[in-house]
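Under the heading active site, proton acceptor, Swiss-Prot lists HIS175, citing sequence analysis as support. The feature NAD(+) binding site is assigned by Swiss-Prot to GLY7, ALA8, GLY9, ASN10, VAL11, GLY12, ASP32, ASN95, VAL118, SER119, ASN120. According to Swiss-Prot, the substrate binding site annotation covers ARG82, ARG88, ASN120, ARG151, on the basis of sequence analysis.
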Amino acid sequence: MKVTVVGAGNVGATCADVLAYREIVNEVILLDIKEGVAEGKALDIWQKAPITQYDTKTTGVTNDYSKTANSDVVVITSGLPRKPGMTRDDLISTNAGIVRAVTESVVKYSPNAIIIVVSNPLDVMTYCAHITSKLPRNKVIGMAGVLDTARYRAFLADEIGCSPKEIQGMLLGGHGDTMVPLPRYTTVGGIPVTELVEADKLNAIIERTKNGGGELVKLMGTSAWYAPGAAAAQMVEAIVKDQKKIIPVCIKLEGEYGIDDCYLGVPAVIGKNGIEKVIELKLNAEEKALMETSRKHVKEVMNVLDGLPQQA
């Protein structure tokens, strides 16, 4: 299996490293527009192989998409990261142009690839890649829910004092302030989280999760990369190993949850065909209202993208 990671910044390089270290695929191509960056990071990852014992070959290239030909999966991480004071939506104009150009090059050389979008604003960049690629919706997937849910689980693990592996949870909706928490679907070792965490503390964790990316931007001066890179690699693994794993991903909704033509995070079965099935959870009135708020926000930003010049 061959996977291409476009963008050799922090997130892209981390994704490539995880794919190699865990031997998820046979070959990783790391591509970047900046001369030498992808080559250097890929070489560094490959030189780690004798130490940490893996065989996945990593190769870096500078803006030569012919070297990515016949990739099974392509992860798009290209774009500007957030700076303190910025929202994800502030990145739309610049990153839309980048994602559009990258997607066109990707499908030219790997027309059958499944595309995973990591660039922000995530939901709208998934829309951008989807309409540019003209691929079926099951083959263009946004990485958001995996990361948001991981942050939620990590915060809960700290509060409860348990392993994060014991926590199962799900977050829906947009990637950002309008994400939809589902505490009643959250369990800790099979125990409902509401039995272990008081309501006010649980609400505080939910709010912290919503601002999880912003918290890291304030601390580091730029966007996170370890968890996002690992989250993208987990999605790649589910696809190339045909795991039929149920994880929250951003996808174009076509009637699910009563929503049409909008890109939102929902749980789905992920396998060799990308999105194999969308899981529709039964939402209560409050959750439906939050989902509608999320839909409205994402749709507004989609409309902004529609109004941008195509060469933006």
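For all residues, glycine too, the Cβ spot is worked out from N, Cα and C.
As the structure is a computational prediction, the values presented were derived from the model and not from experiment.
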Cα-Cα distance linking HIS175 (active site, proton acceptor) and GLY7 (NAD(+) binding site), given in Å to the nearest integer: 20
- prompt: Whole-number Å distance between the CA of VAL11 (NAD(+) binding site) and the CA of HIS175 (active site, proton acceptor)?
  reply: 17
Task: Look at each of the recorded positions, ARG151, HIS175, and point out the one with the fewest other Cβ atoms around it within 10 Å.
output: ARG151
- prompt: What span in Å does the NAD(+) site cover, taken as the longest CA to CA distance among GLY7, ALA8, GLY9, ASN10, VAL11, GLY12, ASP32, ASN95, VAL118, SER119, ASN120?
  reply: 17
Sequence-distant neighbours of ASP32 (NAD(+) binding site) in its chain (C-beta under 8 A, six or more apart): VAL6, GLY7, ALA8, GLY9, GLY12, ALA38, GLY60, THR62, ASN63
Task: Show which residues of the chain containing VAL118 (NAD(+) binding site), separated from it by at least 6 in sequence, have their CB under 8 Å from its CB.
output: GLY7, VAL11, GLY12, CYS15, VAL75, ILE76, THR77, GLY142, MET143, PRO228, ALA232
Rounded inter-Cα distance in Å - HIS175 (active site, proton acceptor), ARG151 (substrate binding site): 12
